[in-house]
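Report on the following structure.
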């Protein structure tokens, strides 16, 4: 037998490349890709009466249901008007309901079910008529139908389709037969479909079979069609070469074989003879023993003694377990007996051979033959095949797409990552063989594998084999599995995975692998035991599917004769079935023809006339077409293939027509030329088709299918010039950060007044609009409304300042509204006056505010941003404000101006107290008390205690009186012992007054309980700070003005930002034509506010609404009297004021606690739950419960460890040098949102801040709609959450994001009517990518205008007139010493007192003092460690700062990374997302809205040493100046662009937003060349037309406009003209195809004008009967974006004002495939769905059943699983993506049909979605993955994907210390979420058991 000739890949004439196993789904080159057999069967059944012979029941349902659906247009309508009906016949009653539910699930037809023969027998004709009238499909048993026919109740001519289930019964005497007899007499006869799965049972004679089939065909008057699963699987696939090998008998030379056999026989006989009486209940004691011994015997017979020895050894081990666990004596004895026998066998073998090495004498001839075959497959030495190509071929069936969304550009990286792990390449030796050996018994497989491995060690020829075995143990889908089987199961899947990945090249398997297991196409299949029946033969043969393969059957000599007979039978059966195979072409002959040079017959299609030019010949054309179809977009269930029909004409010529899948742009059938034979006709038509595809650009110039990156749409992808690459990180990502200068508004640039030049004087109006409510005024301080005193500040500049909205600052007295009003202009000042003013300006910033520091220099003439701040007062009785020169001069003269007057009092000239001097005073204690000579403390006098004197009792027991305290402690004698004492307050060191102190981030008030405690504290004397007037000097600046001065940094900063925003608004008006360039003089935007009022809980601070409004009105009047000229100058404005007061008086008043901006509170708002392990101790101290508890709402879990001992004093973070202060990223108000709920659609009522109801006083001509957005709203869009302001861009960004997607989608859809979804998707993802948006934003100059870090005047604010002095900067700071108690940092002494707590009471009660100096606070140990590590661990300050660390206050220091993390905490991984550096160096933050992939977010303490951005980024450092520059991540810029879009959308409507996008360079509207250049060309939509009365309107574009100069205008998108293809009888086809859809239109309450849209929305790519419209993919692409936008917009406008985090969660909960699919099923979309895809059919079937059982909607694919028990292999029920798709495509269809009306779509969809929106808004669902990662941020780790045996994906998540959890699903995402869900369930179960300690 040495001459065995096998066709091995290596020897094949086509060269070795062909048989590569990884040519898995080889694209056929000479025949069209075969379609699924069910599809072919359906086609046949539609064409003629058919008997379908199938293997499985499920396939039958598919064909029957789809056939009735296809023919349903014949049965819709009135029975009385001769409409027909469909009848399903079944054999028995119980099958009725199965059929009924199948038809009901997949169609909207009315189904009647009749199973009770008795009952129906007595029905009269009328009753039956009624049944036929009311139902369209009737399912009944055959007996009932026979009766109906016999009694003449209905005639067969009324029936269009008759389905016979189990039609093989018709051969016998059966009602089926009689029914068919009646049929014969009837004309026209209904269409007949017979279904049978049992035409082949066991062995049968081919002749009988043929007869049976013929007879059946006659009876049912049909053609039998067999499914290809009964013949070899692809009827086109090349058949394997079948070989039967006679192996000859085993010659037992040594006699060992016989001895072993005898031993086993005897033992078995003994066991059989043991006649132990077993009761039926008891188990048979000998059972296990018999089983083991007979298995051993089989191995001996089949494989020989060597293997018998091996198996005996294995069995002995297995027996030990049984013996150990066996309780019963008798059983045990039998087991021991068996054990002995096995040991004996082993001993016998050992005498003959050494078990270690394989001796060929002791194996059977079969094994030797097998090894011989395997040797033939030995590969040539190290052939390196280029198999990479295959792995990356995305349209292969087994290509796993990891990405579920096309739009995310971060996805690409991920895909690469994941693919790397998947494709472990085969070693060079596994690259040829891919084989399976089928054996019958499990043990045979195990031992044969062992033998092959052993042989490989000994025989170098076999060394290439890497084998494994798999037995059917536990692979069955539905058996219950125990733990041990589970382990088995896992192992087997691993085996299959390796075989699939070609890590092993030989699989030894039991017959289980014949069916249903997904394995690659093999090129060798060996039947070690002969197949015993046809089914087994076909199934194992069907595994040999590689293009060149061998199917070898090994036969023992004695069996070979009998088997040859069997084989003949099998062949004959196969032949009969093949003939019955639908449209079978006997392809044997075509393949065997020699390949002639057909070019002669039909010339090839050549691109260029040169030799190497790409060409398609008649022989390669079919391959090109197949490849093209495989690249069209489709889902995992559908493999698109061309359809070719060949007809023979009478003249003997053949002609083929080729139909491409319906989502190819080439829609018309292609008719080929007439040819001599069918094969050539097929090829010729393919060649013509290639030519056409190339002409329309579907094949590229290499004649390969173009990818989505197609050249054709190049213009859409004008990707900008490549980014500068010096910056590490991927453009557009969060990891890439760059520096930008901070913008300076044009009107403030170089605007320092010059002598003799005209100036503008603006007054800074300040009015207390919401006084601090009593509950918050803990110290019972008097409130000081700024309008009570006339002296105030003004701004002197050389340029006019545009009007900006009034805005609030929050002082100790409450909310103060700031206005900037022009006082006078055009006047001039002389040099002397200007110098005086300039000196005072510097004095304010350097002395009062102490903002001067070595790094800053005052050079008003050089500074970029320079204007003067100066005091104004009512001068010379005129009652108008003007510059207060007298006051300025007084200050210059005063000796207390800078230092402290050295007045000495003595007994002779004692101190004299004058009350009026102290009424409005700031006092400075004399040096003796405080050590700071250079920077003494300043105090406001809060109260004069006339009843106390220095002799009054001192509050703490150490000293008798105040006088004694000063004497003892400071050796001071007082000269006046009758003077009253002063109660003082610190002047404020908190300079960031942008947001109130007592509100948490959301504008929610802090709870009052803690307030009560504090009030008590402030009422006791002990906690007041008391000074003696004699020991203090009075400062020349009065307290009232000082209080106003403290507001200056916040006012000027806010002014600056608003002017920047206003400038952006004006710029956009020019570029985009949205809004006007300069605002009308009489117009002012409504005030800036934080939008909290509308989202406030009912629990506000003000108990009585009415009283507050009264109060505010009086404020307003007062303001009129005191400053008639300023804030309330016009009636219109006063109206605004009152309204604002009404609103503002609710609860936006600041308290008097410590500043939020310096983080005394650790706030986690609802959506940022605290995470275990952030230790808060570094952040707050004794005061912790008061403030931070206040920040947690009732329902929040606080999991911070509170290790902060209560102390009487409190350590303030303030006392750290500024840049060392820790801060919580989300600490202040970042979570709220300025623009609250302005609906974006035009007609909704406006409730938005930016358009508060101010029309009453303003003329209606102006609104943000016409003028452009409120600068306040623009500012919100420019503010990142890191800026910790009262608003940020997050909500607007989400709205902008979804509108952007919608605008671009609509544009692409309308502009490229021929592009299929894959291409549209690709173009969209490029346009909306962060990278693209970042580039556009950068081009527009957004980065400079953005507000990225917290406003901290001492650190990062440059006062007007100052410049940053670089040289001084570095010299000064490097030489500065960092030791000594009063370390100066930023020119601030570290004892910078907080305005609130009086740390330094000179006589404070010293509880267990760790006596630091008097005025240093006590720290607990934790704090000290914290501060030490902050100050010392950080090393010295140097000049550069590392990239991605936070900027220092000036650019000259850097943190050298601490050696260990500053807080004793584990090193958290740090996610640097959106972190803009500000001056905070110890950082702990969490911000889920900036989540990493899959919503994981990380909480971490920042540690610069760990930061790595790319390989070498760590080394590179960005050095920048905090005052004038800011460092921003690319992604933040992209976010800002989206937020600006959201801002234009909410203010000016959708058209304006589209124009804004166009002006950015994102084309979303078609360009129109302008012809007219006359003045006002209104380019706005009609809704603005009414505003044309007045020429300051909207987009009146004159020819001075930039855009007009370019001559470009933007038109409107046009709906693509055709949605139906030209087709001879299109209308008729359309009516057929959408028959029944009117019910659906009623259900959704929208009648389509153009029904073709409706059809298109429901047509799946696999549905080739629709020849008149496209499939739904394009509409789905459109609908997806529309629904996303509509839902996001709805959520954004929700009056509940969801925070950004909640908004994100809600959006992802509502806009996802699961929800859409569930809704689609709920509203019956699936019943109208048109698809021909068996797998999809079953998935939908399962899903619908599941939904019915569940009967309620699920969020976040939440509990989508069948049962709790199926824990181990929890597989989420699969959500058919197609269902979600048609939900979206219908939205797209309505949008197009209604003339692009979003309102119409929402009108249809809102009622469907409302219940869910309500349900989720009330209780926001989160994705399981995110929830798990929030619960276990440190310990949950997801594994990469593994493939399971049936081709699904498994993901394991390990929660360290709590277990591993697995999830399975069709994609990585589904599996991941299933795993997370199981982990959560387990963790939650454990939590509930362990009550929280």
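Backbone N, Cα and C define each Cβ position, glycine as well.
Taken from Swiss-Prot, the feature domain 'Helicase ATP-binding' applies to 41-217.
What Swiss-Prot records for 54, 55, 56, 57, 58, 59, 60, 61 is ATP binding site.
Feature annotation from Swiss-Prot assigns compositional bias 'Acidic residues' to 404-416.
The domain 'Helicase C-terminal' annotation in Swiss-Prot covers 424-593.
Taken from Swiss-Prot, the feature domain 'Dicer dsRNA-binding fold' applies to 621-713. As a whole-number mean, the pLDDT of the domain 'Dicer dsRNA-binding fold' (621-713) in this prediction is 82.
Residues or ranges marked as domain 'PAZ' by Swiss-Prot on the basis of sequence analysis: 886-1036.
Taken from Swiss-Prot, the feature domain 'RNase III 1' applies to 1249-1380, supported by sequence analysis.
According to Swiss-Prot, the Mg(2+) 1 binding site annotation covers 1293, 1371, 1374. Secondary structure from DSSP puts residue 1293 (Mg(2+) 1 binding site) in a helix. Around residue 1293 (Mg(2+) 1 binding site), taking its Cβ as the centre, 27 other Cβ atoms fall within 10 Å, counting all chains.
Marked as domain 'RNase III 2' by Swiss-Prot on the basis of sequence analysis: 1637-1795.
DSSP classifies residue 1676 (Mg(2+) 2 binding site) as helix under the three-state reduction. Per Swiss-Prot, the feature Mg(2+) 2 binding site maps to 1676, 1781, 1784; the stated evidence is similarity to another entry.
Taking Cβ-Cβ distances under 8 Å and a sequence separation of 6 or more, the neighbours of residue 1777 (site 'Important for activity') in its chain are 635, 636, 1713, 1717. According to Swiss-Prot, the feature site 'Important for activity' maps to 1777, an assignment based on similarity to another entry.
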**OP:** Could you name the residues, excluding 1676, 1781, 1784, of the same chain that surround the Mg(2+) 2 site, i.e. Cβ within 8 Å of the Cβ centre of those residues, in sequence order?
**Re:** 1672, 1673, 1675, 1677, 1679, 1680, 1716, 1780, 1782, 1783, 1785, 1788
Original post:
Out of 59, 60, 1676, 1781, which has the highest number of nearby Cβ atoms, where nearby means within 10 Å of its Cβ, if these are the binding-site residues?
Top reply: 1781
**OP:** With DSSP as the yardstick, break the domain 'Dicer dsRNA-binding fold' (621-713) down into helix, strand and coil residue counts.
**Re:** 32 helix, 17 strand, 44 coil
Original post:
Of the binding-site residues 1293, 1676, 1781, 1784, which sits closest to residue 61 (ATP binding site) by Cα distance?
Top reply: 1781
Subject >> Candidate nearest residue 54 (ATP binding site) in space, where candidates are the binding-site residues 1293, 1676, 1781 and distance is Cα-Cα >> reply: 1781
Original post:
Are there residues of the same chain, six or more positions away from residue 1784 (Mg(2+) 2 binding site), whose CB falls under 8 angstroms from its CB, and which are they?
Top reply: 1675, 1676, 1679, 1680, 1682, 1683, 1716
Subject >> For residue 54 (ATP binding site), the three-state class that DSSP assigns >> reply: coil
Original post:
Which number gives the other C-beta atoms within 10 angstroms of the C-beta of residue 61 (ATP binding site), all protein chains shown included?
Top reply: 23
Subject >> Cα-Cα distance linking residue 1781 (Mg(2+) 2 binding site) and residue 59 (ATP binding site), given in Å to the nearest integer >> reply: 24
Original post:
Between residue 1781 (Mg(2+) 2 binding site) and residue 60 (ATP binding site), what C-alpha distance do you get in Å?
Top reply: 26
Subject >> Cβ neighbours of residue 54 (ATP binding site) where a neighbour is any other Cβ within 10 Å >> reply: 24
Original post:
How long is the line from the C-alpha of residue 60 (ATP binding site) to the C-alpha of residue 1293 (Mg(2+) 1 binding site), rounded to the nearest angstrom?
Top reply: 52
